[in-house]
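Here's the structure, in structure tokens; my notes come after.
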Amino acid sequence: MRYLTAGESHGPGLTTIIEGLPAGMPLLAEDVNKELKRRQGGHGRGARMRIEKDQVQITAGIRHGKTLGAPVAMFVENKDWKHWETVMSIEPVPEKNEKSRRVSRPRPGHADLVGGMKYGHNDMRNVLERSSARETTVRVAAGAVAKKLLHELGIEVAGHVLEIGGTRANLKRDYAVSEIQETSEASPVRCLDEVAAEEMMQKIDDAKKNGDTIGGIVEVVVGGVPAGLGSYVQWDKKLDAKIARAIVSINAFKGAEFGVGFEAARKPGSEVMDEILWSKEDGYTRRTNNLGGFEGGMTNGMPIVVRGVMKPIPTLYKPLQSVDIDSKETFNASVERSDSCAVPAASVVAEAVVAWEVAVAVLEKFDGDRFDTLKKHVEEHRNLTKEF
């Protein structure tokens, strides 16, 4: 299974096409729209979210509420397009049109300058329109489809915010996926710790007042995962590696870790490895989950636990120094409408990309042509691994 996305931040809209879904899987527009709505929430979002009320249009691949096995095409309209029709016109416009909003002062930390160099754009709007995090709208749409597939197979995905601006949630125990879903949805910053959430919101407000931005850490947990997804036989078949790549591919994300993550470097092996248990009711389990649900690049039946770190958004209302590409003189960087903190929304994007990679791994392991046979094969596999 694979997907492609297309579209610019202020263009007519965003498109994604998914290929490889099994036939007969239940899927409605509302399954996607509820995820799009979650992405638009969170304390610290900018004015754009008051304009865009994202709704998906499914234009191919589904009939009477079920997938056909053909490519599924989805489109999300940009409501703000009406204000950008000249700037983002498909047809040519006069080169010196006053509405062109040409960008010649690249923003530090963005794709602007290097993207302009790479593709020969002397107007870096050609770069920033595509590199914008607005593209994650349709990544969340694709992830919503993956989450629906996993849900039907008894696999659930939940994300939450662990840290913002140096304030970290004080979590004294592991949370079930259902608990994470319920508690994070009730929080303006998608945090499970109410005390930390209040401090996070204050830090976001302070950053906004100062024309600054802050980043943080999100965590995604996947429960009900069967053992044996991914493989150890080749480096590029390891599922944890694929998930790490997906996490770091999200705009502004700079790292990923599983389980205890980088803390493993500070602990002896006896405190890191997860002891193996067996019971007639549950089959093989682990006493702990320090490895985040992976051994040898494969799922081991424990929940997948992955975290991603997001840098502060590089668009600052108190802009940093840059250089004008025309005059080569020093100026303050260009300012585009942006958020002061997008970490809560990014947790929803992280859910989407993790769900996608797990769904792909499921379809790689089991028959993916028909959804009814897929469900049957997953259940048979669960029984086989339990009795091993």
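From the backbone N, Cα and C atoms, a Cβ is placed for every residue, glycine too.
Pulled from Swiss-Prot:
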type	residues	note
BINDING	Arg39, Arg45	NADP(+) binding site
REGION	95-118	region 'Disordered'
BINDING	Arg130, Ser131, Ser132, Asn251, Ala252, Gly296, Lys311, Pro312, Ile313, Pro314, Thr315, Arg337	FMN binding site
Taking every protein chain in this structure into account, which of the binding-site residues Ala252, Ile313 has the most other Cβ atoms within 10 Å of its Cβ?
Ile313
Between Thr315 (FMN binding site) and Arg39 (NADP(+) binding site), what C-alpha distance do you get in Å?
19
Could you count the residues of the region 'Disordered' (95-118) that DSSP puts in helix, in strand and in coil?
7 helix, 0 strand, 17 coil
In DSSP terms, helix, strand or coil for Ile313 (FMN binding site)?
coil
Output, ordered by sequence, the same-chain residues six or more apart from Lys311 (FMN binding site) with a CB under 8 Å from its CB, or 'none'.
Gly109, Gly215, Ala252, Phe253, Lys254
Identify, in sequence order, the residues in the chain of Arg39 (NADP(+) binding site) that are 6 or more apart from it along the sequence and have a CB within less than 8 Å of its CB; answer 'none' if there are none.
Asp54, Thr136, Thr137, Val140, Ala345, Val348, Val349
Ser132 (FMN binding site): secondary structure state under DSSP, collapsed to three categories:
coil
